[in-house]
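Q: TrEMBL feature annotations, pasted as is:
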- A:26-47: transmembrane segment (TRANSMEM)
- A:59-78: transmembrane segment (TRANSMEM)
- A:84-111: transmembrane segment (TRANSMEM)
- A:123-150: transmembrane segment (TRANSMEM)
- A:170-191: transmembrane segment (TRANSMEM)
- A:222-243: transmembrane segment (TRANSMEM)
- A:263-289: transmembrane segment (TRANSMEM)
- A:301-321: transmembrane segment (TRANSMEM)
Amino acid sequence: MSDTTSTGSGAATPTRRQLIVGLVRYGMFIALALWLVAMSLASEYFLTPTNILNVMRQAAPVIIIGVGMTFVMATAGIDLSVGSTVALVSVLTAGWLALGLPAWVVLPLVLAVGAAVGMANGFIITLGVPAFVVTLAGLTSIRGFAFVYSDGYATPITDPVMIWIGRGDILGVNTPFAISIAVAVLGWFLLNRTRFGLHALATGGREEAARVMGLAINRIKILVYAMTGALAALAGIVVSARLSNGSPNSGVMLELEVIAATVLGGTSLFGGRATIAGTVVGALLIYFVRNGLNLLGVNPYWVQVVTGIILVVAVLMNTVLNQKVESWARAAGEDES
Amino acid sequence: MSANLIEMRNISKSFGAVTALSDVTLTLPHGSVLGLVGDNAAGKSTLMKVLAGAITPDRGKILIDGAPGRYSHPIGARDAGIEMIYQDFALVPDLTVAQNIFLGREIMRSVAGVPILDRKTMSARARELFAGLGLRVPSVTLPVVALSGGQQQAVAIARATAFNARLVIMDEPTANLGAPAIEKVRETITRLKENGVAVIIISHRLEDIFAIGDAMMVMKQGRVVGTRAVDDTENAEIVEMIVTGRDPRERTAVPA
């Protein structure tokens with residue numbers, strides 16, 4: 001653009017600037033890497049394949065639902081009902097398998113239930129009720145359904161397909177984590193390479209602009225909630241399979257972990273900015289921190305405190321600091337050109 | 001081909017008890033620049049939103065090139081070659097320049113039967129657009145939020161002209177702009193006109209319309225006060241029409 005930036009300092013400053021912008025933008029990736037290194041030095045049990053794969057298995061449900069939540073937040077929405085959907089799917093799966101229905105019937109059916117629940121959420125939201133209220137109502141009533149259906153009892157699961165989903169592995173990777181990575185890759189593709197992902201981001205970025213550009217905003221909203229509902233159902237299958245039972249108490253507070261992971265990763269609560277890779281890293285960070293502190297023998301109650309502090313610091317970095325640094329870098333860049 | 005690109009006939013629109021437009025008729029020849037002026041609440045923006053498909057009128061019809069235009073959606077209007085540049089530009093801040101230009105009309109390519117966004121082609125097309133319009137942005141892959149107000153307007157103009165527009169409607173294009181940016185907008189409008197694109201400008205700044213327009217239409221309280229060719233009127237007459245809501249020539253035309 002300009003022929004005045006030929007001095008030596010002009011070449012060095014942009015590099016340093018890019019470094020600082022990168023440090024802030026990829027802060028969570030760096031934090032995760034640093035934590036992994038620190039924990040490897042602090043505990044001999046941390047960096048073992050068994051431990052690592054175990055943490056990944058624990059994180060799988062949060063990653064799976066987090067992919068959907070990333071889309072919901074891209075549209076400036078939120079879904080508090082996912083933990084309850086996990087419980088509903090858990091009792092339905094166990095109940096229907098106990099009736100003697102084969103897994104290949106039950107699994108598609110419960111995924112459809114999850115999608116239908118999400119679609120209902122999305123539809124009510126398009127009528128103008130805030131997403132927070134709609135899905136908060138979902139949080140209580142869907143778990144209520146789970147209790148009504150199961151009468152409060154857990155049902156054991158013995159189906160071999162379910163056992164494989166919960167405890168088997170694919171090429172040495174446990175099935176839950178393998179499923180979560182497959183979901184994340186598909187989610188990344190959908191968000192970054194397809195019209196649907198772009199329109200979801202546009203809807204959350206500035207709804208009025210998306211509207212006058214003729215985007216089908218209501219359809220997009222219903223789809224992101226339906227997708228999140230279906231993914232919550234998938235997570236419900238994984239959770240029940242791992243525990244070998246269907247319980248109306250499964251997935252309690254899971255919605256908050258999913259939201260925490262998504263926000264930790266850098267997706268904006270206000271819409272328009274979303275990252276699937278960030279969500280995966282956010283989920284892994286939460287579970288590796290918990291695992292590391294456990295291995296160090298830290299009081300588990302402190303783990304909750306630490307998780308909360310990390311969340312606040314991360315949001316601070318993602319919103320305030322990130323914006324400041326990027327506009328600073330931009331201003332500095334414009335001065336030179 | 002009809003002599004006029006656009007004819008809006010007897011358009012009326014009410015919002016509840018408020019009559020926003022009553023019996024408005026507008027004629028726009030091909031490739032001409034029309035200034036739409038009037039006080040606040042004169043109905044200028046409402047009339048243009050009707051033309052752009054964002055508002056459906058209660059009565060009246062729109063002829064595009066002599067054929068009735070039937071659309072109830074901005075997409076329909078755009079398919080007919082009518083584009084609107086909103087006062088706030090209607091851009092999505094976190095999307096890139098290229099993504100904004102092609103929003104809703106993305107260029108896709110197919111990989112193994114799956115349609116995916118053809119980002120390379122869209123970026124290349126966006127660069128061509130800016131070059132063709134003589135407008136500049138730092139990069140088409142930068143998010144719009146990183147651009148200055150004038151650059152954001154350039155993006156909105158590029159988007160409006162990206163798909164063979166025959167009419168570009170601009171809502172207050174020179175409001176909130178500095179003198180060099182205003183000059184740039186005037187140049188752009190002149191260039192559009194040279195390319196056979198008609199332009200309707202909603203503006204409070206009469207000097208812009210006198211500088212680059214062919215005609216102006218004055219509105220007040222949802223009605224047309226009068227229409228003038230730019231070289232057949234002067235500032236004082238237009239101001240009088242805006243303020244009084246009456247056409248002085250009609251008054252004198254009535255035999256005393």
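Every residue gets a Cβ built from N, Cα and C, even glycine.
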Q: So what's near the transmembrane segment (A:222-243) in sequence-distant terms, Cβ-Cβ under 8 Å and 6+ beyond its ends?
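A: For the transmembrane segment (A:222-243), the far contacts come to 57, 60-62, 64-65, 67-69, 71-72, 74-75, 77, 79, 81-83, 85-90, 93-94, 107, 110-119, 121-123, 125-126, 157, 162-167, 175-176, 179-180, 183, 196, 200, 250-251, 254.
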Q: Tell me, please, if the transmembrane segment (A:26-47) and the transmembrane segment (A:301-321) are in contact, taking contact as 3+ Cβ pairs under 8 Å between residues separated by 6 or more positions?
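A: Contact between the transmembrane segment (A:26-47) and the transmembrane segment (A:301-321): present.
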Q: If you count Cβ pairs under 8 Å, which stretch among A:59-78, A:123-150, A:263-289 touches the transmembrane segment (A:170-191) the most?
A: A:59-78
Q: Can you work out which residues elsewhere in the same chain, 6+ from the ends of the transmembrane segment (A:123-150), have a Cβ less than 8 Å from its Cβ atoms?
A: 72, 77-81, 83-85, 87-88, 90-92, 94-95, 117, 217-218, 221-222, 225, 246-248, 255
